[in-house]
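Chemist: Have a look at the structure that comes next, please.
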Amino acid sequence: MADTVAVILAAGQGKRMHSRRPKVLHRIAGRCLVEHVLAAVGEAGIKKQIVVIGHGAEEVREALGPEYTYVLQEQQLGTGHALARAREAAGTAATVLVLCGDTPLLRPATLARLLKEHRDRQAAVTILTAVLDDPTGYGRIIRDGQGMVAGIVEERDANPVEKAIREINTGIYCFEAAYLWPFLEQLQPNNDQGEYYLTDVVGLACRENLPVQAVAAGDPEEILGVNDRAQLAKAGAILRRRINMGLMQAGVTIIDPETTYIDATVRIGPDTIIYPGTFLEGNTIIEEGCSLGPGTTLRDCQVGKGSHVIHTVALESEIGPGCQVGPFAYLRPGTVLDARVKVGDFVEIKASRIGAGSKVPHLTYLGDTTVGTGVNIGAGTITCNYDGEKKWPTVIEDGAFIGSNSNLVAPVRVGAGALVGAGSTITEDVPAGSMALARGRQVNLSGRSKKSSEKRQEKG
């Protein structure tokens with residue numbers, strides 16, 4: 001759609017959010033509100049997208065990145081004024097699609113249908129409408145005897161007959177640029193707010209008997225705008241149900257969709273089972289046949305085919321195929337588990353790579369560590385990687401065995417096939433095939449226990 005430009009109005013403050021953050025940057029399902037709108041526009045085939053920014057302009061620009069065109073509305077003087085600011089950036093585009101940055105539930109198919117109807121009917125203006133059971137608060141669509149749009153009546157100006165109309169204006173429009181830009185120059189701020197309203201452009205088109213059409217959204221939930229925290233939560237719940245339903249239809253089992261939170265950016269393969277209380281966030285990718293949860297959070301992670309992750313928090317980590325992780329494991333950024341790795345209960349791993357088939361079953365901290373293949377890490381093993389100023393690496397080569405309750409003081413290397421005796425504190429490299437013991441020798445004092453017991457009894 002090279003001849004079409006989308007303009008997203010995102011300059012408002014959103015006072016009802018009671019937030020220092022611009023309204024359009026509040027997040028649901030892994031994206032801020034305006035990102036959901038931009039994603040829908042892009043998936044509808046519109047490549048050129050202009051974002052009108054105002055309140056928190058630099059914050060919005062930084063959040064969205066350089067791929068969009070930005071225009072600044074320094075004073076927020078209404079939707080008509082905001083769109084007029086985008087005229088130069090729109091260039092020679094023949095059709096202008098206008099959307100609000102706080103409508104995150106719009107579907108790409110709805111926008112594509114709106115554009116198609118606009119072109120097929122050769123309209124000057126096409127309005128996306130919705131039919132609501134309770135239209136209170138919205139402008140009503142007035143149609144003539146031929147079904148053409150004759151105007152928009154705001155709630156405060158509507159008579160009883162007009163208030164009974166259930167078709168409402170969503171604030172999303174297609175305009176032919178040849179009519180739009182001249183009409184914007186004619187707008188006057190003849191209202192209590194002293195603002196320039198985009199709805200007045202529709203009125204100008206109707207007065208000149210230009211073809212003004214309306215296309216109803218199939219699902220009224222799509223047009224929900226977010227103006228406060230309650231509406232933010234409502235939109236998040238709707239989007240969560242939509243995401244979960246799409247995944248289930250694609251072959252993912254979600255035991256309890258109401259307690260499963262999956263961002264719009266997450267990808268999950270078929271035959272994966274997701275248990276209650278699971279959060280999948282960011283750019284997480286789950287391959288087929290996995291089992292996740294309950295009580296699991298994965299953010300920006302990759303999980304290989306057939307892995308099982310239970311009661312675990314993993315951040316910016318890679319879990320290879322056939323792994324078992326948890327319960328109560330913590331994988332911090334930079335963790336990589338190769339195939340068939342076992343990470344058990346109360347294990348924390350940070351910035352480390354664990355080789356194929358290795359086991360870290362319980363009560364262990366591995367930081368800045370490289371573990372080879374077929375290694376067993378005993379319970380209570382700690383890599384002492386931080387000296388108060390710098391973090392140092394630990395290397396445990398293939399086939400090594402680390403006994404329980406061992407401390408590996410970095411920088412240190414345990415060679416292939418080496419064995420570290422339980423309770424050791426290792427401060428020097430262990431050669432391949434060697435056994436290292438670094439603990440005090442046990443001393444048994446005969447009869448000492450009886451004497452100690454008698455003294456305790458005397459003290460009573």
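Quick reminder: no glycine exception, Cβ is built from N, Cα and C everywhere.
A quick note: this is a predicted structure, and the numbers were derived from the prediction, not measured.
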Chemist: Going by the acetyl-CoA site in Swiss-Prot, where ALA379, ASN385, TYR386, ALA422, ARG439 are listed, which of the candidates SER404, SER446, SER449 is also part of it?
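Modeler: The one candidate that Swiss-Prot places in that acetyl-CoA site: SER404.
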Chemist: Determine the most Cβ-crowded residue among the binding-site residues ASN169, ASN227, using a 10 Å radius around each Cβ and all protein chains in the structure.
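Modeler: Max Cβ neighbours within 10 Å, all protein chains included: ASN169.
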Chemist: Between ASP102 (Mg(2+) binding site) and SER404 (acetyl-CoA binding site), how far is it from one CA atom to the other, in Å?
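Modeler: Spelling it out, the Cα of ASP102 (Mg(2+) binding site) and the Cα of SER404 (acetyl-CoA binding site) are 55 Å apart.
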Chemist: Kindly state the mean pLDDT of the region 'Linker' (230-250) in the predicted structure.
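Modeler: Reported value for the region 'Linker' (230-250) is a mean pLDDT of 98.
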Chemist: Find the shortest Cα-Cα separation between ALA422 (acetyl-CoA binding site) and the binding-site residues LEU9, ASN169, ASN227, ARG332, and name the residue that gives it.
Modeler: ARG332
Chemist: Report the nearest neighbour of GLY78 (UDP-N-acetyl-alpha-D-glucosamine binding site) in space among the binding-site residues ALA379, ASN385, SER404, ARG439, comparing Cα positions.
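Modeler: Of all the candidates listed, ASN385 is nearest in space.
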Chemist: To see if you understand the setup: which same-chain residues, six or more apart in sequence, place their Cβ under 8 Å from that of ARG439 (acetyl-CoA binding site)?
Modeler: GLY421, GLY423, SER424, THR425
Chemist: By the count of other Cβ atoms within 10 Å, pick out the sparsest of the binding-site residues ALA11, ALA379, ALA422.
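Modeler: ALA422, out of the binding-site residues ALA11, ALA379, ALA422, has the fewest neighbouring Cβ atoms within 10 Å.
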Chemist: Return only the integer: C-alpha distance in Å from GLY139 (UDP-N-acetyl-alpha-D-glucosamine binding site) to ASN227 (Mg(2+) binding site).
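Modeler: Cα-Cα distance, GLY139 (UDP-N-acetyl-alpha-D-glucosamine binding site) to ASN227 (Mg(2+) binding site): 17 Å.
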